[in-house]
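Here's what TrEMBL has on this protein:
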TRANSMEM  30-48  transmembrane segment
DOMAIN    31-520  domain 'Major facilitator superfamily (MFS) profile'
TRANSMEM  125-142  transmembrane segment
TRANSMEM  149-171  transmembrane segment
TRANSMEM  177-205  transmembrane segment
TRANSMEM  242-262  transmembrane segment
TRANSMEM  322-348  transmembrane segment
TRANSMEM  368-389  transmembrane segment
TRANSMEM  396-416  transmembrane segment
TRANSMEM  422-442  transmembrane segment
TRANSMEM  496-516  transmembrane segment
REGION    527-549  region 'Disordered'
Amino acid sequence: MHPSYDTMRGIPPGIVLIKSIRGKDWSLTTYRYVVLLVTFIAYTSYHASRKPSSIVKSVLDPEPKMVTGVLDPEPKMVTGSYPWPIGEVFIKKELLINDINRLRNKGWSPFNGEDGTSKLGEIDVAFLACYSLGMFVAGHLGDTLDLRLFLTTGMIGSGMFVALFGMGYFWNVHVFWFYLVMQMVAGLFQATGWPSVVAVIGNWFGKRKRGLIMGVWNAHTSVGNISGSLLAASVLEYGWGWSFILPGAFIFLGGVMVYLFLAAYPEDVGFPCPNVLAENAEVVPKDEEAQIRQGDMVEAKKYTVHRCGSVSRTSVGLLEACLIPGVIPFALCLFFSKLVAYTFLYWLPFYLSQTAIGGEYVSVKSAGNLSTLFDVGGIVGGILAGYISDKLNARAITAASFMYAAIPSMLLYRSYGNISKAVNIVLMMIAGLCINGPYALITTAVSADLGTHSSLRGDSRALATVTAIIDGTGSVGAALGPLLTGFLSTKGWDAVFVMLMVGALVAGLLLSRLVITEISEKTCKRTPLSNGQHTLGAPASQPLLSDQR
């Protein structure tokens, strides 16, 4: 191999070192496993670095608040004791006079004043706003720049600004704008994550079984939430600043790992892109690796493989990506899907602490513990949605069906979740399955499918751009849902659940046209239409969002 070729092709230095030690290259299967592992850890660290703010809120603003329960008109004192996983599990809410006296006049200025809770909320909204806006720019940049370097920069930048937020504790900073700016800049860097990792997975995996693979892989979201809570809580007793520095160091080191070991494009290590391979071959052999690499005969051909990586492909603009059939409907669907999902993410612990379960009110710590089971249901939902969509070869039908199923699941949870803890847990996990299933499917497999849609003719890259459009639109809904819940919850939780059920209904209806198209394709046994083309612009031999076999 030419000595300068590794540099020209952008092979990660860690892989170059391993190849020099082993004396031979990895197989295609090994590369795919490495890509799955590295991107899984990468986005786990992204989510882990977002959790500290929720863990330290009770430390920054520990002053007990008088909160009136919706189901119990008597005011109850909510203490500011440490949240789960530090605290005990499943304990009753009690009036702890000693804790109240101990916490009084504590906290961290400027968050421990009368408007402390509002300021903490403003920081959350600012983060989500910058994250959603940054997503659109990050997607286009991800398709323009080298994904490995782009993702590395985003992770290292995120780690630095998350840690800088925590440094405010050691520098004794009590100025609100400092913390606001740190979160806003961190939100911009965080926006680099999702479009990049989805694009990398899309580059390495064709549409065959993509839904199932991405459904399992998408568990990193919940793993990141849980690990971030554990990391932040484990050092909270040493000062809240450490709760930001440790997750910040985690994502920083993750960025170094990405730089060393992530091969963002198959062409960078001598393999053709699976999407290009599918376009140029009517039938893909079962032994894909045998076709791609036939001994040393193709060694010289590696250098001339048609690339969909960072050298020969051109990125598409936002408008052109929006015109890809299916992008707008799925983006709008995700807007309402994320509105529902993030409302549960931000408000479920508070709802549980304010609702009598089995005739008893649980502590804030117990509520935090209970709420993680919603994520457990979400993991199962993401895997199930991906598997079903692969089997049916119908992404829109699967996503819409899950959204419609979410409506009765939320109604049952609201109506019967207060019977007992066991019933609450079961109904909560079912709701998480129905709500997070389509959310996971749309942000992963659907985004990757549309980013490699046949209308691009294999000469452009739109994976990161399409992912950014879809998830960026969804993130606006993610910011709007919790904001509306803050107002509606004052009128009662029934109003909140009505909003959530309406959101799920609208999300399903927005996919109606795509659902009809997929049903038509199924009933016609995939028979080509007379004009040789499907309604939404996908070739008859390649149905919209279907497997390229």
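Cβ coordinates come from backbone N, Cα and C, glycine included.
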Ranking 30-48, 177-205, 322-348, 496-516 by Cβ pairs under 8 Å to the transmembrane segment (125-142) puts first 177-205
Under 8 Å, at least three CB pairs between the transmembrane segment (422-442) and the transmembrane segment (322-348) (pairs 6 or more apart)? yes
Per the Cβ under 8 Å criterion, with at least 6 residues separating them from its ends, the transmembrane segment (177-205) contacts 31-32, 35-36, 39, 42-43, 46, 49-50, 53, 122-123, 126-135, 137-139, 141-143, 147, 150-151, 153-155, 157-158, 161-162, 164-165, 168, 213-214, 217, 262, 264-266, 273-275, 308-309, 443-444, 447-448, 451-452, 461, 463-465, 467-468, 471-472
Per the Cβ filter (under 8 Å) with a sequence gap of at least 6 from its ends, the transmembrane segment (322-348) is approached by 124, 367, 371, 374, 378, 396, 399-400, 403, 406, 428, 431-432, 435-436, 438-439, 442-443, 446-447, 450, 453, 455-456, 462, 466, 469-471, 473-482, 484-485, 489, 496, 500, 503-504, 506-508, 510-511, 513-514, 536-538, 544-545
At a C-beta cut-off of under 8 Å, are there same-chain residues at least 6 beyond the transmembrane segment (396-416) that contact it? List them, or none. 211, 326, 329-330, 333, 337, 340, 381, 385, 388-389, 423-424, 427-428, 430-431, 433-435, 437-438, 441-442, 446, 493-494, 497, 500-501, 504-505, 507-508, 511-512, 514-515, 517-519, 544-545
Please report, as numbers and ranges, the same-chain residues at least 6 past the borders of the transmembrane segment (30-48) whose CB is under 8 Å from any CB of it. 151, 155, 158, 190, 193-194, 197, 200-201, 204-205, 213, 217, 219-221, 223-225, 227-228, 231, 247, 250-251, 253-255, 257-258, 261-263, 266, 269, 271
